[in-house]
């Protein structure tokens, strides 16, 4: 039978469900991976794999290649205790061998590997038989010093502050440049309608003359073929394309490199095509020294970027809220414990402060008034009132005496207690709750799985539709030009029919692309 191991990978940089689908789809294809479950909120992927074929580090590398940050989470072994130690004082391979062979002989140690280069030891043990302090003692007796690898307790990977800042910045930049572009656009529309009215009546009032005059300022050509309006729009559009769109470009590039298309690709396609097309048309007009100003789409990219970055910003704010709840839960855990040794008749012989991770089953832990319970346990001496509201929601303190159980993270109020540890590390109630919350965020509703499936096909199909639109209109135009004349009102008679057709076809296909972008918000 194949052995199946399970590992957890911490993933950063996921923005929405289609990122999750992207990672899951790509990793399922790889050899040696049986199943993968990705939690968007917890930023965590649970992978079941065949260790003979693939290693966790390779799995993390696969995720990194998709354009996300990924690190293997070492401290997630369920069932077996896993211990990561820093071992100092090793000089050569024989030291490593000495430690490994001694530990493997020790009852309860299942697996052990020591790396000389990094000074790290990785040990799996059976918590029923042996605990982390015993393991450290064995290594100490061999003449080396050990300490725990410090884990990141702050749950910083649940912090969306940086992304929130980044999208907010992107939104503000786009907005600042978008407002003038939109203003110009609306102004031109109003002026155009006033002008056409004036032309219809032939007798212009003085206001209409002024209107004509002011719109002439915007249509005034700085260089032949380059109007003030187009030039200003172009200047406003460049910073949005660069600063507002920077992040989209990076993500889209990473997605395309892996032959997948996500929402970023669609956004980048629409804005870049609109921008490049407008820019080229301007250059052509300047080269032809055209009398009539060409129709450009410089207003499209800023407006799109404004909507999309606003959506992303709101999304991250919402995610930050949920993740904050998780981070708060995690922060309730105590960090240190006071372990005591008892003589006959429960006489205190000695006490020492240790890291919570070093508390073993069966240890006697002393909790002073006002202290947090570091682990789940049973009271063996003392009586006190305990605030367990974090688990039960009950504001009144609960009386505890000998034989009662206590819960990690709850607060001891007035008396000193000695407890015997029953659940430690990842098995405490609090850790289990944190784990459940993370898992609840991992598991997907059926509708969500459906949406993920859709978004995989959505982008390519939209691009296909817009290409079809382009060619369809070109063909229609050359077959029957009158249809285009009917829909493309504003064109002036001085340009060739071929150019009119191609411009109209481009306008139609860019419109398809641009309209499809907000759908991505809906899907997200």
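Numbering starts at 1 and runs along the chain as it is shown here.
Note that Cβ sites are derived from N, Cα and C of the backbone, with glycine treated the same way.
As annotated by TrEMBL, domain 'HMA' applies to 5-71, 81-147. The feature transmembrane segment is assigned by TrEMBL to 171-190, 222-244, 265-287, 457-479, 500-523.
Outside the transmembrane segment (265-287), and at least 6 residues removed from its termini, the chain residues within Cβ reach (under 8 Å) are 223-226, 230, 234, 237, 241, 245, 248-249, 252, 255-256, 293-298, 300-301, 304-305, 308, 459, 462-463, 503, 506, 510, 513-514, 516-517, 520.
Residues of the same chain lying 6 or more positions beyond the ends of the transmembrane segment (171-190) and with a Cβ under 8 Å from any Cβ of it are 215, 218, 229, 232-233, 236-237, 239-240, 243-244, 298-299, 302-303, 305-306, 309-310, 313. DSSP labels the residues of the domain 'HMA' (81-147) in these numbers: 23 helix, 24 strand, 20 coil.
Taken through DSSP, the domain 'HMA' (5-71) splits into 22 helix, 24 strand, 21 coil.
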